[in-house]
Structures are given as structure tokens and as C-alpha cells.
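What Swiss-Prot lists as domain 'U-box' is 277-351. According to Swiss-Prot, the repeat 'ARM 1' annotation covers 406-445. According to Swiss-Prot, the feature repeat 'ARM 2' maps to 448-489. The repeat 'ARM 3' feature in Swiss-Prot is assigned to 491-533. Swiss-Prot lists 536-577 with the feature repeat 'ARM 4'. Look at Swiss-Prot and you will find 579-620 tagged as repeat 'ARM 5'.
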């Protein structure tokens with residue numbers, strides 16, 4: 001996919017040219033042709049790593065045609081060129097051809113697509129040949145004899161016609177050699193043999209991939225190309241092979257992790273922006289999912305295109321957020337928000353799910369699979385025998401590879417990386433500890449990885465808890481919290497984590513501390529929630545760690561995101577399922593706070609659902625005292641009716657159950673002779 005500065009996109013090697021309108025003036029058409037020609041001629045042969053001969057020939061033809069267009073413009077100004085249909089038709093066809101040539105040249109110089117364009121140089125040559133011959137066809141229809149042009153210009157036209165008609169563009173000889181080498185590398189990978197590094201460097205140098213950062217761009221492009229559109233098995237296999245090859249090159253051959261100053265500044269700016277933003281601002285108000293295609297309504301509010309389109313298709317002509325009637329339902333792309341979402345996704349390893357996109361998760365070919373294993377074995381070796389700098393480089397690669405790829409997680413676990421990472425967790429070098437902890441966090445998502453991390457005696461868990469409490473950097477402690485979340489998904493591990501005396505207090509400390517941002521707090525919160533959900537015996541440990549007052553104080557703060565509020569309310573709701581948890585929540589004003597949040601218009605439906613669950617559990621365990629206190633609140637019924645009609649994931653049923661409970665209480669209270677709910681204990685609810 002190619003992204004233009006305006007935010008529009010097109011698939012590589014596709015040429016969506018637009019025909020000039022039939023009513024276009026001759027002056028406008030010629031001016032536009034000259035502008036297009038100028039853009040084409042701004043490309044220089046040195047910018048191209050493949051198909052250089054075809055490029056040179058094409059640029060030469062365009063340069064010649066510029067003389068023709070400039071003479072046309074002069075003759076038009078003096079009124080000697082009639083704007084006949086044949087003239088307009090011929091020049092319009094040339095305009096379309098020039099648009100396609102511009103697209104093709106853009107593709108040939110596409111940053112990140114150099115390896116892909118090399119392997120498709122035959123197809124690229126065919127495109128150059130077809131477009132060049134089309135120039136001859138278009139000029140054939142131009143009425144040269146009826147237009148008063150200088151003789152030398154007419155000769156140039158005939159010259160271009162002859163040359164373009166006989167165009168035999170074909171792949172360059174050097175390109176063919178490089179392609180053969182790449183296929184030879186694939187063959188070696190299939191047989192689990194490491195290719196000669198000098199041969200790989202020769203190919204990489206030919207296409208202009210000379211730095212670690214260049215490999216990153218190639219990988220990003222290939223991942224995008226694999227994920228979009230329908231492709232044949234042959235195309236998927238080639239793309240997968242290229243992905244395995246370029247990952248091998250990045251990790252094994254071009255190991256100097258580099259970032260240009262300009263790119264580094266941009267990445268740091270993006271990182272600062274991502275850390276400061278509220279991720280819920282990137283969610284569609286309708287679907288509550290992070291938007292993949294944000295658009296703006298007339299009201300100024302942004303929604304995901306698919307969600308707002310369904311809203312309009314259902315007969316609604318109002319803004320979902322304000323309820324105001326819209327004069328226009330025109331949708332305008334919100335490129336600013338889209339760029340922020342792309343930066344957020346990149347920094348957090350989020351793969352945006354888009355319709356028609358294939359998830360890039362496994363190797364689709366034998367060569368790619370074996371290349372991945374060779375890469376993993378190399379990195380595992382660097383952790384054991386490499387010096388400090390080589391170890392850091394290997395750790396960074398492991399961290400990157402395991403961020404979103406289940407395939408590389410599996411390869412690295414098989415290669416024995418987990419054991420090496422666990423050994424260096426106690427490193428005095430903060431860089432080593434942070435990257436090792438990040439790698440463990442990612443590998444804890446793998447089933448086999450979980451087993452190896454925990455170890456036979458649970459020693460791995462104790463190491464992670466050490467980092468959680470005493471890690472050199474906040475980031476290391478945050479990754480430790482996230483690792484505990486993934487590991488706690490298994491009941492036995494959840495029990496083992498709970499039995500480590502410093503584990504739960506360490507998580508609560510992150511939630512409570514002002515030194516951590518929302519992202520770190522959410523990592524700790526979801527870990528606590530997982531420990532609570534997967535091992536009920538952990539509830540008393542979590543209660544003893546003081547989680548209830550910490551969460552209630554946190555939710556009262558206006559500085560946290562809705563996501564933190566939702567996670568906090570979910571834990572409180574679960575704690576209220578137990579009598580001691582219910583008492584702790586009530587004694588600290590949890591009932592009043594939940595009612596307040598439920599009636600707020602500034603929190604998400606998910607947060608309100610957790611509020612309903614908390615209120616329901618408080619009423620179930622607190623008896624008539626709690627139900628009575630809740631029934632006295634004049635706003636509660638309206639909030640519950642809204643929640644029951646909008647509720648998802650069981651939230652609506654819980655709201656309805658709570659409404660029924662309040663109604664039954666009120667009927668028993670007012671009806672003659674009706675029994676009152678048994679009062680098992682007295683609790684001050686408000």
C-alpha cells in the first residue's frame with residue numbers, strides 16, 4: 001500500500017489514472033501535461049535500484065515530448081491550433097499514460113519496496129513496455145499534418161513514435177543476477193543452511209538496502225502487502241519468503257541498529273505524543289473499538305467509517321454523540337486522527353483489524369519457516385556468547401520479533417531464548433534488564449513460552465516479581481506487570497503468583513504510585529483482575545494488599561483515562577462478590593461513587609457496565625440496607641434503564657436484574673403485610 005502526503009492510498013503496481021473531462025480546454029490540458037512531465041522528469045536514474053535501462057528510455061521519451069507540448073502551448077496562445085476532437089483525444093490519452101508512468105516511477109522508488117520491486121522487475125519491465133508503446137498509439141491519432149507546427153517539432157513527434165513503437169523493455173542483466181541469487185538463498189533456507197553473508201550483502205547493495213533501518217522499512221512494506229488483497233498461493237509464498245529473508249538480513253547481516261537523526265526525532269515525538277494521549281479518544285463512539293478509518297461528520301465529531309455508515313443505513317440522520325439532526329451526511333477523512341492511530345499502533349504493536357486484511361502471523365512457506373528458525377538460533381547464540389553490545393542488539397531484535405508475531409515467538413522459544421533471558425534479568429545494565437523483560441513479556445503469550453518462563457519450581461515467577469518490585473527502570477517494572485497478566489491466564493500459575501508474598505503488593509504499588517502513567521497502571525490492573533478471575537483464593541490477598549481504597553481513590557481522580565476507570569470498576573465489582581470485599585467497598589463510599597459514574601455522560605458504556613455489576617453485587621451481598629439506600633437515589637432508575645437498553649456483554653441483563661430488585665424492594669416496603677428482606681448485617685452504604 002502506498003500512502004501519499006494527503007493520506008490517500010493505493011496498492012503498489014496499480015495505476016488508477018483519471019481521464020480528463022470531455023469539456024476540458026486545450027490550454028488546461030497542455031498545461032497539465034507539462035506539469036505531469038515535469039513531475040516525471042524530476043526522477044533521476046540514480047534514484048532507481050532496478051529497471052534502470054527502462055527508466056532512462058522512458059525519461060528520454062518524456063523529455064522529447066516536453067518540447068512538443070511547449071510548442072503546442074505557444075501555438076495555442078497565438079490561436080493557430082484548433083481545439084479539434086482528435087487533438088483533445090490524443091492529448092487526453094497521453095495525459096492518462098503520463099499519470100500511469102508517474103505511478104510506476106513512484107513505485108520504483110518506493111521507500112521500503114526495493115526488494116519487492118527487484119523480484120517483480122519482469123512485471124515492471126512489461127509495464128514500461130506497454131506504456132511506452134501506448135505513447136506511440138496516442139501520437140498516431142494526433143493530426144500532425146493539420147496542425148501548424150514547426151518542421152523540427154513534427155520530426156521529433158515521428159521520432160518518438162518510431163522509438164516507442166519498437167520498445168522492447170526487459171529486466172536489466174544485473175537485476176536478473178540478483179533475482180537468481182535471492183532464489184538461491186531461498187533454496188539454502190529450505191535446507192537449513194546459512195547463505196554466504198558476502199553474497200547477501202552484494203544483493204542488498206544492488207537494491208540500496210544498506211542499513212538496519214532499511215530492513216525495517218522493507219519488513220513494514222511486506223507485512224502490509226501480505227495483509228491486504230486477494231493473492232494466489234504463489235504470491236503469498238514469495239512474499240513470505242521475502243519476509244523471512246529480510247528479517248534474517250536485519251537480525252544476522254545488517255546488525256547495526258541505526259536510526260537517522262531526523263527519523264529518531266520523529267520517533268521520539270511520536271512516542272511522546274502516544275504516551276500523552278488518551279487511547280479512548282481514538283475509539284469510535286459507536287463501536288468503542290480503535291478506529292481503522294476515521295471520518296468527520298458535519299457536527300465535527302469523528303467516527304469509524306463502517307460504524308457511522310451502518311448508523312446512517314439504519315435510517316438515522318443525527319449525530320450519535322449530540323443527537324442533533326445533520327443537514328449533510330457527507331463523510332470527510334480525518335487524516336490527522338488516522339496518523340495518530342498509526343503512530344499508536346506502531347508504538348504498541350497493535351495490528352489494526354481491517355476488513356479484507358489477512359493477519360500476518362505464520363510463515364507461509366518452508367523457506368520462510370527455516371529462515372525464521374535460523375534467525376532465532378543466531379539470536380539465541382548471541383545471548384550466550386556475544387559481548388555486551390551484541391547482547392543488547394540481540395535483545396532488541398527479540399523484543400521486536402516477538403511483539404506481534406506468534407511464529408517468531410515459537411521459533412525463539414524452541415531455540416532456548418527463554419532460559420537465557422531469565423538468566424540476565426538480574427543484570428546491572430538497565431538496557432539489558434528492560435529489553436530482556438520486554439522479551440519475556442512477549443514470550444509469555446506463547447503456551448510453550450509460559451511453561452519455560454515459570455520453570456519447574458516456579459523460580460521464573462519469583463524473578464519476574466523481583467523485577468516488578470526492584471527493576472532499574474519503570475518500563476522494566478511495567479513489562480513485569482504485563483508478563484504476570486499473561487502468565488496468570490492459567491489457573492495454576494495464577495495460584496503460584498498469588499503465593500509469592502511481594503507479587504500482589506507490587507502490582508497494587510504501581511496502581512497507587514503517581515510515578516506511573518495510565519498504560520502502566522492498566523498493565524497492573526489487568527494483572528490483578530486476571531489473578532482474581534483465574535484463582536478465587538487470591539481475593540483475600542488482593543483485599544489485604546489494600547486494593548479497594550487504592551482503586552476508589554484512583555477513580556475519584558480526574559487525571560486518569562476512562563480505560564483505567566473501567567478496569568478499576570471491574571475489579572471492584574469482582575471484589576464485591578465476596579462479603580469481606582463488599583463491606584470494604586461500602587465502608588469507603590463505593591456505592592455512591594458507582595452511582596455517580598453510572599450517571600456520567602463522560603464515561604464509556606463498558607465502564608457503566610462494570611458499575612452496574614458492582615451495584616448488583618453490593619445489593620446481592622448487602623441486602624435490604626444497600627438496596628434501600630440505592631432506591632432513595634432519584635437518578636438511579638434513569639441510569640439503569642439507559643444501561644439496560646444499551647448494555648452489551650451481559651450489562652443489559654444485570655441492569656434489568658437490578659431494576660427488578662429495586663422494584664421488589666419498593667413493593668415490599670409499601671405493600672401491606674409484605675415481608676422485608678432479611679438483614680444479615682448492618683452496613684453504612686453511603
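Even glycines carry a Cβ here, placed using N, Cα and C.
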Q: Would you mind listing the long-range same-chain contacts of the repeat 'ARM 3' (491-533), meaning Cβ under 8 Å and 6+ residues beyond its ends?
A: 275, 278, 450, 454, 458, 461-462, 465, 468-469, 474, 477-478, 481-482, 484-485, 539, 541-542, 545-547, 550-551, 554, 560-561, 563-564, 567-568, 570-571, 574-575
**Q.** Positions whose Cβ lies under 8 angstroms from the repeat 'ARM 4' (536-577), at least six residues beyond its ends
**A.** 278-280, 494-495, 498, 504-505, 507-508, 511-512, 518, 521-522, 525-526, 528-529, 584-585, 588-590, 593-594, 597, 602-604, 606-607, 610-611, 613-614, 617-618, 621
Q. How many of the residues that make up the domain 'U-box' (277-351) does DSSP mark as helix, as strand and as coil?
A. 27 helix, 12 strand, 36 coil
